[in-house]
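Going by TrEMBL, these are the annotated features:
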type	residues	note
DOMAIN	2-81	domain 'Cadherin'
DOMAIN	96-205	domain 'Cadherin'
DOMAIN	206-325	domain 'Cadherin'
TRANSMEM	332-355	transmembrane segment
REGION	427-483	region 'Disordered'
COMPBIAS	429-440	compositional bias 'Polar residues'
COMPBIAS	473-483	compositional bias 'Polar residues'
């Protein structure tokens, strides 16, 4: 107010303070009004600077005051479960309820309320300045009848010992937190209760230390192996499971060095190496940790990894019994078998050729014997000739030699040359005369008359067979005369 009664005008300083929350009702009435809603949860105190200026004087004297506004909380917020996860929505921070989880073991006697993660079930009024009391309850749903909650503290426990599970091993229940004085203002949170089988065994590696090998290579990824080139698997066993495999096991490598850049382990237990960054004969010591995510139990084992040169095989397991005979070299065996097969093929070929040649000779001999049986006179001129004739070489015919018969001179007279006739020879075992054999000489000396069929004894004749041979000679001579 001005003591002189001058008219004053009120102006908000828009360079300092929280001027954006206020404005003047009228320039001359001094009423300050809010320009926007004030949230206690966002800001609890405001400050504004106001100037008062004379409007009816030449001096235009003025004065300034600083106004501090305290924001009081009102019951406009809902209960919030803690710890709260805030999210922004249209410029406002919204509290998102957490998910509470706990693992319990079937068969254990109730010893107290469950210990949840990330913290106990707790909610408070969203109006921090009022802090209305909160009441807790479990909404009906699958498995809700197995658990109970303290409506004041929010502690959850099971009603009876869970010997056998009537349903799934995981229960999802809903917990409601509401204001005691106004149940219409409430919030909900999800609670997960996982029922586990009794944990009698901790995870365990098959060995406290493993020997591993990996070859240097240009490939950035390579599986680490153990003795005899077997792929190394580091999955621990858990006796609480029938197959010994706990699906809740988490595998990791201890960060004791920079080995995490060279090696990585999968959740299946396989160790992967960056072979392109390794050089023989490097050696690395790596520690593997296995943690049961349900029970929290851990197990660890160490690895000694040796880098092998390219193409170098992993050594044999020294714990295995040594074979009586060294392991054969398969390439050498294959080459030897190939050479033996080739030699066998060559021998088989030669044997077949030899058998064929032998069969051909037998066929030729059989044909020769057959021709001899059918044509006894085949060959050169043999046997017995008529004493009245002499022989001259004849023309060659296939399989038979003809003889030219020239009549002999008797009493100075020549006999007309007779027709050429094939020579007749008697071939019998032990009596074969060829060419100028003694048969001819005996024929000439015997002076026998071939016209009368007188038998002539040849070389090697048996006297006991004279009659038979003489009969054959007579038939041969008779045949020659008929021709």
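Glycine is no exception: its Cβ is also placed from the backbone N, Cα and C atoms.
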In the same chain, residues at least 6 away from the ends of the transmembrane segment (332-355) whose Cβ sits under 8 Å of its Cβ atoms read none
Averaging pLDDT over all residues of the domain 'Cadherin' (96-205) gives 88
Secondary structure split (DSSP) over the domain 'Cadherin' (96-205) reads 3 helix, 45 strand, 62 coil
